[in-house]
Structure formats: structure tokens, C-alpha cells
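Read through the structure below, which is laid out as C-alpha cells, and then see the notes.
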Amino acid sequence: MFLIEAFVYIGTIAFAISGSLIAIKNNLDIFGVILLGMTTSLAGGVIRDLMIGNIPPTNLVYPQYFLVSLLASLATILFYDKINKFEHGITFSDAIGLGVFTAVGANAAISLDYSQPFLIVAMGLVTGIGGGVLRDVFVREIPFVFRKEIYGIASIAGSIALISTYELLSPTISLYICLTVTLTIRMLAVKWKWNVPIVHKKSTIKKRTVNF
Amino acid sequence: MFLIEAFVYIGTIAFAISGSLIAIKNNLDIFGVILLGMTTSLAGGVIRDLMIGNIPPTNLVYPQYFLVSLLASLATILFYDKINKFEHGITFSDAIGLGVFTAVGANAAISLDYSQPFLIVAMGLVTGIGGGVLRDVFVREIPFVFRKEIYGIASIAGSIALISTYELLSPTISLYICLTVTLTIRMLAVKWKWNVPIVHKKSTIKKRTVNF
Amino acid sequence: MFLIEAFVYIGTIAFAISGSLIAIKNNLDIFGVILLGMTTSLAGGVIRDLMIGNIPPTNLVYPQYFLVSLLASLATILFYDKINKFEHGITFSDAIGLGVFTAVGANAAISLDYSQPFLIVAMGLVTGIGGGVLRDVFVREIPFVFRKEIYGIASIAGSIALISTYELLSPTISLYICLTVTLTIRMLAVKWKWNVPIVHKKSTIKKRTVNF
């Protein structure tokens with residue numbers, strides 16, 4: 001599990017940076033930048049733990065995730081211009097975060113002996129997107145996952161891959177498969193600008209052509 | 001309990017349609033439409049279950065509610081123009097949803113041996129309005145229940161009716177009484193355009209005259 | 001504990017008034033004013049109780065906190081113009097609320113045998129700011145704690161003071177120390193217009209000079 005633990009830190013850092021960047025763009029103060037970074041990186045896991053009865057939530061018991069998030073926020077504050085330029089790097093880290101958090105969330109549900117596939121997929125999704133949803137709500141944006149590209153779908157596909165391989169292969173291998181599937185779908189969606197179509201209000205479905 | 005279970009599906013469908021319609025109006029993509037429909041129909045019950053310790057939440061363990069919500073969202077996407085015209089039908093279904101979810105939520109608290117009336121009313125209200133509150137937050141609107149017509153009050157009245165009759169009559173009958181009271185008050189409020197007065201900022205209370 | 005219990009009511013009243021004032025300014029109806037006052041005064045404690053497994057949440061079991069909140073909201077509706085003028089009084093009450101809720105929240109975590117300092121600080125913070133965050137989200141504002149003055153920091157400092165003195169002195173005394181530290185820092189920040197600096201987008205950090 002060593003490698004997946006390392007990935008968790010990468011995901012935490014990526015999510016903290018994404019929250020901090022958005023906080024800075026919204027003129028939040030330094031405390032707000034740190035708090036939004038922390039919310040983005042820790043809240044998904046907290047909500048998942050509430051839902052599966054893992055009390056108190058892991059992310060609030062062990063301070064290392066918060067400390068990593070804090071350092072990532074401080075780095076974002078100090079090196080804002082440089083970090084803001086690495087758009088591709090951030091998107092890639094965020095995709096790793098989505099994949100890792102999905103894998104860890106789905107695995108947490110299985111570890112607590114919840115075997116219902118729907119619950120497992122939901123816990124992967126909640127862990128992967130929960131922090132980002134709160135981040136967007138707090139800065140008054142429609143949450144990203146509702147409106148842009150293949151994001152939630154990548155998480156769901158990853159969890160399904162994890163469930164399908166958990167018994168056949170070892171749990172650790174299925175975690176990596178989940179991470180790989182989520183990350184691959186997410187990055188292909190970014191690269192090829194895949195989007196889920198929006199619903200045209202005259203009942204015809206068309207590809208989204210403009211970003212908003 | 002067969003009939004009330006059927007009503008639960010009607011409520012789930014109505015709430016999923018209301019979430020999906022609002023999602024389409026906000027130009028969310030198809031995934032976002034399904035996710036917002038699901039949030040609207042399932043989140044109230046999830047929040048209630050967290051509050052009364054029913055872990056993991058029923059709506060995340062049994063996929064049938066999600067599947068019904070998914071089908072309702074897909075139908076809304078396919079037949080948007082037709083469904084959008086049935087405004088009265090949707091309002092009526094939504095009122096059934098509010099009544100059923102209130103009854104089920106209040107009953108869930110009683111079933112877990114929580115006898116404090118305030119908690120029972122709160123659980124009915126949270127179950128009835130929780131999904132709609134999240135729906136509105138995610139599309140950046142002030143939640144409906146805070147600003148329009150007799151909505152939360154109908155739920156509270158229904159729960160009080162349920163508590164008053166639970167011991168006297170049978171639990172099943174009191175569930176129907178709760179549904180009937182909530183539905184009746186809600187539909188009368190819609191029909192007669194009852195609104196809770198707003199507070200005029202010079203301390204005089206006047207009826208709201210414009211919609212916003 | 002008598003005095004701290006009295007302070008809890010002061011905090012509840014202050015938070016209910018702050019929620020009600022903001023509701024009235026947003027033209028919510030009377031039901032919305034009461035509901036937003038209730039959310040502001042009760043939600044922080046509810047979220048904390050969910051996180052530490054104190055189920056069902058105290059604020060939903062015992063109706064006295066709701067009743068005090070209800071009375072405060074009704075008084076705000078009746079005497080809006082007068083109450084709205086006491087800006088300093090409200091700020092001071094709110095600071096008492098922040099201090100008391102922080103103390104009570106941190107203490108609740110300790111009482112349930114959670115000794116991890118990070119969790120205790122987090123529970124103080126969640127209890128102190130949770131209601132205000134939801135209040136602001138529901139009226140579509142970026143939550144106050146993310147953007148203005150020394151607010152969250154006062155809560156964190158108070159919890160650290162509580163943890164530092166809990167073993168040395170008596171728990172009751174450390175509660176008062178927490179309240180005093182939080183209240184003092186908060187009021188000094190208001191009086192001297194201390195703000196956490198915001199991050200300038202060219203990587204230089206400057207003091208905020210304008211309010212927004």
C-alpha cells in the first residue's frame with residue numbers, strides 16, 4: 001500500500017492547490033486560501049466517513065493530511081504566478097487526486113464490509129468530488145462536476161473497475177486499476193476535449209461548443 | 001405499507017424531475033442533469049439518516065431509488081418540452097413528494113425510538129426539503145423553502161399531525177394523515193397563492209406582492 | 001457550568017439575530033427568516049455532533065435552543081430597525097457566540113475521549129463557524145469566515161488555549177479561558193480593523209485596504 005499512500009499525498013496536494021488557486025482568484029484572505037485548500041482536499045473524505053460510519057473522520061483525526069494541505073496552500077500563496085502557469089500540471093495532479101480519492105473511497109466502503117456495488121461507487125464518487133463541490137459552492141460557482149467534461153464519469157468507471165477486479169485479483173492491484181482507469185479517462189477527456197453533451201431546450205441534444 | 005412505498009416512488013420521480021428541469025435550465029450537461037436529479041430526490045433522506053444514525057443511508061444502500069431517479073432524469077432529458085409544460089402536474093407531484101418524504105422521515109425517527117417531538121418534526125422537514133435545498137444551492141439560488149409560499153410549514157404541520165395520531169391510531173394510518181395534511185396545505189397554498197409575509201425593512205409586515 | 005450555559009444562550013441568540021437580519025435583508029419571508037436564524041444558531045453544533053458521533057445531535061434533541069432561536073428571530077422581525085442599529089452590540093454578541101461555541105465544540109470532542117489536538121481544534125472551529133457558513137451559502141454569499149477579519153483564527157487560538165490548560169487547570173476554567181481568548185482576539189480585530197492579508201495576484205502580499 002506504500003505507493004497508494006504516496007498517491008494520496010499527491011492528490012491532497014493537487015486538491016489543496018486547486019482550492020487555493022480559486023481562493024486567490026476570488027480575493028479571499030490568506031486564512032480563506034488555506035481554509036478553502038483544506039476544504040477541497042479533506043472534505044470529500046470527511047463526507048464519505050460520515051456516510052459509512054467511520055467516526056471521527058480519518059482526515060480530522062490524523063493531522064498529516066491537513067499539514068500537507070497547509071503546506072500546499074502556503075506554496076500556492078508564495079508562488080502563485082508560477083503555479084498558476086502550470087495549468088497542465090495542475091490538471092494532471094487533479095486527475096491523480098480524483099483517481100486516488102475514488103480508489104481510497106471505494107476501498108473504505110469495502111473495508112467496512114459494505115458490499116453493495118451502488119454504495120461503493122457512491123463512496124468513490126463522494127470522496128473524489130465532495131471537496132471540489134464544496135470548494136465551488138463556497139465561491140458561488142455551479143460545481144465543476146455538474147457542468148464540465150468527463151469528471152464524475154471517470155470516477156464511476158474507476159469504481160466499477162475496482163469492484164470488478166477486487167475478488168479476482170488482490171485488493172491492492174484493484175486499487176491501482178481503479179486509479180489507472182479514472183486517471184486515463186479523465187486525461188483523455190481533457191486532451192480530446194470530450195464533454196458530456198448538454199440538453200438543448202428544444203429537446204434536441206447537441207455537443208457543447210462553448211465553455212462557460 | 002404498500003401504498004406508501006408506491007408514494008415514495010412518486011415522490012422520488014417528482015423530485016428527480018424537478019432537479020433535472022432546473023439542471024437543464026442551467027445548461028448543465030447530461031451527467032449534471034442526472035446528478036442534480038439524484039441529489040434532489042435522494043439527499044434529504046441521506047441527511048436524515050446521518051442525523052439519526054441510520055448508517056449507511058438507505059438511499060445509498062438500495063439502488064432502486066437511484067434507478068428510479070435516473071429513469072426520471074432520462075425521461076426529462078428526452079421529453080423536456082412536454083414535461084416542462086406540465087407545470088401543474090409537477091407541482092402536484094412535488095407536493096406528494098414533500099408529503100411522503102415528510103411522513104417517511106418523521107416515521108424513520110420514531111422507528112429508531114427517538115420520541116422527542118422536535119426531533120421528529122425536524123427529521124420530517126430535513127427529509128422533505130433537504131434535497132431541494134441542495135438542488136438550489138448547486139445552481140446558485142436561494143433555496144426555495146426560504147422564500148416561497150407555504151412549503152416548509154406544510155411539512156411541519158404534517159409531522160405534527162403524524163405525532164398527534166401515532167399512538168391513538170395505527171402508525172400506518174398516521175403516515176397517511178401526515179401525507180394528506182402536508183399535501184393539502186401545500187396544494188391549497190399553491191392554488192390560493194398563499195405566501196408567508198416578508199418583513200418590510202421599516203418593521204412593517206406586508207404581503208409579498210411580487211415574485212422573485 | 002452554569003455560567004457557560006448562560007453564555008450558550010447568548011451565543012444562540014446572537015447567531016439567530018445575525019441569521020435573521022441577513023434573511024430580512026435578502027427579502028426572505030417570515031418562515032425563511034426563522035429558518036435562517038435557526039440554521040445559523042444550530043447548524044454548527046449539528047455538524048460537529050455528526051463528526052464526533054453524538055447522534056442524534058444535541059441541538060435537534062433538546063428544543064430549548066431552537067425555542068431561544070425562534071424567539072430571537074421573532075424579536076428581530078418585530079424590532080428590525082432598532083436591532084439593526086445596534087451594530088456594535090450584535091458584533092459583540094456574535095463574538096461571544098463564536099467564543100462559546102468554540103469552547104463547547106472543543107469540549108464536546110474532549111468529553112467523548114477524542115484527544116487528538118487537531119480534531120479538537122477542528123471541532124471548535126466547525127461548531128463556531130458552521131452555522132455562519134451555511135447562512136452565507138443559503139443567501140449566496142462567500143462565507144464570511146473565508147474573507148473577513150480575524151474570525152476563524154480567533155476560534156483556533158481559543159481552542160489551542162483550551163487544550164493547553166485543560167489538564168493543568170480544571171476543564172471549566174479552561175472553557176472560560178477559551179471563551180476569553182477567542183472573544184478578545186475577535187473584538188480586538190474588529191476594533192483595530194485587523195484583517196488577514198489577501199494574496200495579491202502578482203505574488204506580493206499586501207494588507208487588504210478595501211472592504212468587499
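Glycine too: its Cβ is placed from the backbone N, Cα and C atoms.
Here's what TrEMBL has on this protein:
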TRANSMEM  B:6-23  transmembrane segment
DOMAIN    B:7-80  domain 'Glycine transporter'
TRANSMEM  B:30-48  transmembrane segment
TRANSMEM  B:60-80  transmembrane segment
TRANSMEM  B:92-112  transmembrane segment
DOMAIN    B:92-164  domain 'Glycine transporter'
TRANSMEM  B:118-138  transmembrane segment
TRANSMEM  B:173-192  transmembrane segment
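Each of B:6-23, B:60-80, B:92-112, B:118-138, B:173-192 was scored by its Cβ pairs under 8 Å to the transmembrane segment (B:30-48), and the highest score goes to B:118-138.
A Cβ distance under 8 Å defines the sequence-distant neighbours of the transmembrane segment (B:92-112), meaning residues of its chain 6+ beyond its ends; these are 4, 7-8, 10-15, 17-18, 41, 44-45, 48-49, 52-54, 119-121, 123-129, 131, 151, 154-155, 158-159, 162-163, 166, 171, 175-176, 178-183, 186-187, 190.
Within the chain, the transmembrane segment (B:118-138) has long-range Cβ neighbours (under 8 A, six or more residues past its boundaries) at 15, 18-19, 22, 36, 39-48, 51-52, 97-99, 101-106, 108-110, 144-145, 151-152, 155-156, 158-160, 162-163, 178, 182. Remote same-chain residues near the transmembrane segment (B:6-23) are listed as 32-42, 65, 68-70, 72-73, 75-77, 80, 83-84, 90, 93-94, 96-101, 104, 131-132, 135-136, 139, 179 (criterion: CB distance under 8 Å, separation of at least six residues from the stretch ends). Note: the domain 'Glycine transporter' (B:7-80) comprises 63 helix, 1 strand, 10 coil (DSSP; helix = H, G, I, strand = E, B).
Note: the domain 'Glycine transporter' (B:92-164) comprises 58 helix, 0 strand, 15 coil (DSSP; helix = H, G, I, strand = E, B).
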